[in-house]
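*Asks:* Below is one structure. I have some questions about it.
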Amino acid sequence: MSDFGHDLNVYLILFLLFQAIMQQGDTSIKPILQVINIRPIITGNSPPRYRLLMSDGLNTLSSFMLATQLNPLVEEEQLSSNCICQINRFIVNTLKDGRYVAPCSEGSLLLPLPLRVVILMELDILRSAEAVGLKIGNPVPYNEGHGQQQVVPSPASAASAPASKPQQQNGSSAMGSTTSKTYGASKTFGKAGGTSLANSAGGTQVKVVPIASLTPYQSKWTICARVTNKSQIRTWSNSRGEGKLFSIELVDESGEIRATAFNEQVDKFFPLIDMNKVYYISKGILKIANKQFTAVKNDYEMTFNNETSVMPCEDGHHLPTVQFDFTGIGDLESKPKDSLIDIIGICKSYEDATKITVKSNNREVSKRNIYLMDMSGKVVTATLWGEDADRFDGSRQPVMAIKGARVSDFGGRSLSVLSSSTVIVNPDIPEAYKLRGWFDSEGQALDGVSISDLKSGGTGGSNTNWKTLYEVKSENLGHGDKADYFSSVATVVYLRKENCMYQACPTQDCNKKVIDQQNGLYRCEKCDSEFPNFKYRMILSVNIADFQENQWVTCFQESAEAIVGQSTSYLGELKEKADRFDGSRQPVMAIKGARVSDFGGRSLSVLSSSTVIVNPDIPEAYKLRGW
């Protein structure tokens, strides 16, 4: 150990601080610890919070949280990884469902007690990270949540123990916790049926098994895996009640598996599990996987329960990241609708993000189409949603690898990126480098052949869901839980012009109706802002008919403009002119370029190209007025 190791009162800290946390005892001690890692925690609009992994030279503990008044120490890089500090004041907050270590004659005894979080209120930095330069010793995680079973020396013997030679400790009995060296030495790990041995309490050893060997018939197992995907918390409400869940995808050298936590387990594990980190996981429930909701290549999936244990592993560098099983874009036409596939392609082009309203919950979400091409020269449309759509930047034509995209047959073959999908831009994999080299040398000169914009005739005819209007009604399309898509050929019979336009918010991504404040300003309630102008939007009700049936349809903006043949802004200008017209004083009207119509008599139609002048200054007007 480094000379700085003498600054860490190793055994004294282990006995006093960690035990004080577990028992919520005396918080007047002032331990000296080394900062191993600092991680920011997202807190919405509140000030940022920082979670600290700290070491006493023998163990690490990740239950430390920095009080917000100490944030400047992190932001000014005074408090950083490897620095040594003295904790002068701290408080302990209680969480639920844990264990604590109670003293006994021979060491410690495992008893149940809620988990604790240590809030650091005051501290002094004794040595900077630059002065220390490295992690002191080989500390292993101290698992307060599941009972760290080890014999703790008395304070007297602790004081005489040499700080430079910390003793090796046993791991958690639930997890089979190991030192990084023990676990990393396994040569059979990663092969189906292969195991790695990890030290447990009492000197016994438990098996760390590969993911590929997991089955529902096993009751005791421990895996070591990397988190390659973590969903957001999703909620549900139905006749059976309410709840919430989140899912993660885990990968080791042998395979992958999906794990899901519900309700109380969401509160317990969601803050503890981070993307791309490696964890020891044991005692989950294994069951047959529902392939409808996951693209993970495993016949089983895992569910967390009250006995599930999750503990960080600091030696997971050998574990792979996301595992892909790519389908070529040219092969998508043979894939069934709603199947989940992995795809890789160059972003040939992309559209701007737009806002749409989800009919089921009346919630607005962002949507963006991107166009992916691979070495087959085929192009497929992939739709990004939500934050993925807002954050995407395709200006440099990146390589996109998508795991778990859903296949759609709308307009041929297209892809939808789900909340459970994993999207990686410019992944560090051989397929990405090969595709980039091909595109830079020859692919960028190709236009590509789209498999997502197939129309009638040719290969696309079989993929277009053609329906007559009678079939649409008789099959009750659009009355299910999901939207139905079809194509029809019909004639426009009638346009309902009343209230077909409205004044909308002028911002790019908002189309909400504005309120005229009668002071030259227009207010948008959604944006909570007032604007000096607005834009016209059109919602046109149209009656269409084919040889069997007729149907009212609603056309929005672009499709409405295509039917009318004029832009909404121009129609809005005509509307304003019509609204301003005052015929109460019987003015003289001069119209140039009117069209004569004959509908049961003679009439005139004023065209958009016509010129209309009220009370013109010409002899004919004065003569007519005098008459």
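Even glycines carry a Cβ here, placed using N, Cα and C.
On a predicted model such as this, the values are computed, not experimentally measured, just so you know.
Pasting the feature list from TrEMBL:
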type     : residues : note
COMPBIAS : 148-169  : compositional bias 'Low complexity'
COMPBIAS : 170-180  : compositional bias 'Polar residues'
DOMAIN   : 19-100   : domain 'Replication factor-A protein 1 N-terminal'
DOMAIN   : 221-302  : domain 'OB'
DOMAIN   : 329-426  : domain 'Replication protein A OB'
DOMAIN   : 485-579  : domain 'Replication factor A C-terminal'
REGION   : 145-180  : region 'Disordered'
SIGNAL   : 1-23     : signal peptide
*Asks:* The domain 'Replication protein A OB' (329-426): mean pLDDT?
*Replies:* 88
*Asks:* Kindly report the helix/strand/coil residue split of the domain 'Replication protein A OB' (329-426) according to DSSP, in that order.
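*Replies:* Helix, strand and coil residues of the domain 'Replication protein A OB' (329-426) number 12 helix, 52 strand, 34 coil.
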*Asks:* Write out how many residues of the domain 'OB' (221-302) are helix, how many strand and how many coil, based on DSSP.
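*Replies:* When I sort the residues of the domain 'OB' (221-302) into the three classes, I find 9 helix, 44 strand, 29 coil.
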*Asks:* Counting by DSSP secondary structure, give me helix, strand and coil numbers for the domain 'Replication factor A C-terminal' (485-579).
*Replies:* 20 helix, 38 strand, 37 coil
